[in-house]
Amino acid sequence: MASPAPEEHATQGCPATEEQPPRPGVPGEEAGPEGAGPQVEEAAGRVAAALTWLLGEPVLWLGWRADELLSWKRPLRSLLTFLGANLLFWFLALTPWRVYHLISVMILGRVIMQIIKEMVLSRTRGAQLWRSLTESWEVINSKPDERARLSQCIAESWMNFSMFLQEMSLFKQQSPGKFCLLVCSVCTFFTILGSYIPGVILSYLLLLFAFLCPLFKCNDIGQKIYSKVKSILLKLDFGIGEYINQKKRERSEADKEKSHKDDSELDFSALCPKISLTVAAKELSVSDTDVSEVSWTDNGTFNLSEGYTPQTDTSDDLDRPSEEVFSRDLSDFPSLENGTGTNDEDELSLGLPTELKRKKQQLDSAHRPSKERQSAAGLSLPLKSDQALHLMSNLAGDVITAAMTAAIKDQLEGARQALTQVAPTAGEDTDTEEGDDFELLDQAELDQIESELGLTQDQGAEAQQSKKSSGFLSNLLGGH
């Protein structure tokens, strides 16, 4: 928007704000904190007036252009200017040329640019038009400028520097020793810094400071960055706190579930107690002599190792001692031959035929060696189940035969006693003679058989065995 400018401003050809007289400060504002704004404006006006008086219009124009570039009102131009300043700085730092050569080159370039400008912009074409516009009109930006101007930044920096100098003077007056120590330490620091860091780097840092400080100061970039970082930190803090609280809640819930599970396991263990495998194996072990080592196999069975074999009722170990005892006492029992030949006197006294007895004795003498060999083998070797059954059946037959013989003997004795009481004495003599005849005849036949077979010694042994067997049967059947 353009509007007619005042005549005094147009005739002088400078901004209106520069020629305005400084407004006198109010005492209340200077004393209070509210007077900081007017003081800055007054300082900015004074700085602008001093620059105008010292440098003139061209330099002042360059200052305003630098203000626009350094305030980053137009970011693209400011960025290009920043890159150009960096290139120029490193060119001056790395080139072997001297300073006056560079200054002459810069002046020559400025002259060439001015000549070109004069050739392009003819005074005859646009000078009058340009002068009329600048005299009658003034360009006014209707948009309020919220950004601080470079002059204001310079004024604020000057005020801060002046306040720092005043404070340092007061500190020097109050404690000169501390002030001297502070100045010496600062000078020593810069000396060490200059010895380690080249001056080129320090100059480049000053250039960066000149470009970036207005950017952060005038555009409030630092405040914006601080607000964003603060919001991020707050979100991060809130997120970390929420995460920690969530972990605490999960841990407390896990502890509660664990305690509840432990209580339930205790209840179950009280109802269903656990049985140890070793205790169960010891209880299941059958042997009473030595505890076997028990191991639990993969298929769920017990494995007995390095122990005695469990004893059962059907085991051969139980049968073996009984067989030994039975075979040891077997010689005391009468055999079939002994049972039939034990009561020779009784048979003779009863009047049995002697011829049958003679034939039986011959058969017994023929079969006795084989039976003795079998009995010796039975005593020396362990008996099998069928042999034991056969032996028991033979023993049962012998016992039955002996019992029947004893019963018949008792009956015959009773009948003989009755006959002896009734019969006369003469009859007894004749019977006695007939018995003697039979005995003499029997003895002669026996001697003949013994001479033929040569069994005199066997007969003596048989007589002794018959006596023993008769004594055993008499003892066994004495109660009948």
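Using N, Cα and C of the backbone, Cβ positions are placed for all residues, glycine too.
What Swiss-Prot records as phosphothreonine, among T17, T301, T340, is residue T340. According to the topological domain annotation in Swiss-Prot, R98 and Q166 sit on opposite sides of the membrane. Outside the transmembrane segment (76-93) by six or more residues, the chain places 68-70, 102, 200, 203-204, 207, 211, 215 with a CB less than 8 A from a CB of the stretch.
Counting residue by residue with DSSP, the topological domain 'Cytoplasmic' (94-98) contains 1 helix, 0 strand, 4 coil. With a cut-off of 8 Å between Cβ atoms, none of the residues of this chain six or more beyond the topological domain 'Cytoplasmic' (94-98) come close.
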